[in-house]
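Trainee: Annotations per Swiss-Prot:
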{"type": "ACT_SITE", "residues": "60", "note": "active site, proton donor"}
{"type": "BINDING", "residues": "9, 31, 58-67, 120, 182, 191, 211-212", "note": "substrate binding site"}
């Protein structure tokens with residue numbers, strides 16, 4: 001998934017269909033999150049796959065290892081390209097998630113699996129006061145990144161602001177998938193650690209996830225092409 005990943009932050013397939021129709025003939029990388037998946041079920045993945053788009057299924061699993069392993073066996077059968085878990089679930093849970101994907105992938109090629117470190121809506125103050133983590137935000141992200149690597153995962157979800165440090169620690173092949181991406185003209189909304197596509201590229205992101213800058217644009221195709229231009233410059 002080398003192209004910018006478009007977050008399909010919709011509730012219905014009709015909205016998705018209308019949006020994707022604007023990109024007729026284009027193969028996209030898209031993210032299906034909780035809102036869309038829980039509103040429509042697995043059929044939404046099948047319908048998007050029929051249009052030959054790459055899918056990052058963003059459900060952020062976080063439960064006991066056996067439960068996550070069983071869930072991943074099921075998700076692997078959907079044929080998506082990438083899934084994720086919360087790194088806070090721990091090394092054993094992440095290992096179980098990877099094992100579940102391997103069991104459920106009949107083709108022998110499992111989806112990529114990445115772990116959420118800290119949400120891009122989380123500030124250092126929030127983390128320290130609400131999660132009772134007394135280190136810096138960067139130290140927490142780096143710890144979770146290292147734990148994910150040890151568990152055999154393919155990468156992490158992180159802010160672009162932490163991507164270069166993670167690359168240096170865990171290698172260039174370890175994915176740094178970064179949400180919180182906005183065009184310079186757009187509002188940050190509820191995300192705090194936000195950067196532009198160009199800056200994300202320059203400071204070490206391997207993949208970017210872009211939602212509202214594209215989906216809420218007056219001309220989504222033009223906005224996507226602008227993101228693509230900045231990302232590939």
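Keep in mind that glycine also has a Cβ here, set from the backbone N, Cα and C atoms.
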Trainee: Can you grab the distance from residue 120 (substrate binding site) over to residue 60 (active site, proton donor)? Cα atoms, rounded to a whole Å.
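Mentor: Here the two Cα atoms lie 14 Å apart.
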Trainee: Give the sequence-ordered list of residues that share a chain with residue 211 (substrate binding site), lie 6 or more positions from it, and have CB atoms under 8 Å from its CB.
Mentor: 6, 7, 9, 31, 179
Trainee: Give me the long-range Cβ neighbours of the residue listed as 'active site, proton donor': same chain, 6+ apart, Cβ under 8 Å, in sequence order.
Mentor: 34, 84, 85, 86, 116
Trainee: Sequence gap of 6 or more, Cβ distance under 8 Å: name the residues on the same chain that satisfy this around residue 62 (substrate binding site), in order along the sequence.
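Mentor: For residue 62 (substrate binding site), the qualifying residues are 68, 85, 86, 88, 89, 93.
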Trainee: If you skip the near sequence neighbours and keep only those at least six away, which residues in the chain come within under 8 angstroms of residue 59 (substrate binding site), Cβ to Cβ?
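Mentor: Spatial neighbours, sequence-distant, of residue 59 (substrate binding site): 33, 34, 37, 75, 83, 84.
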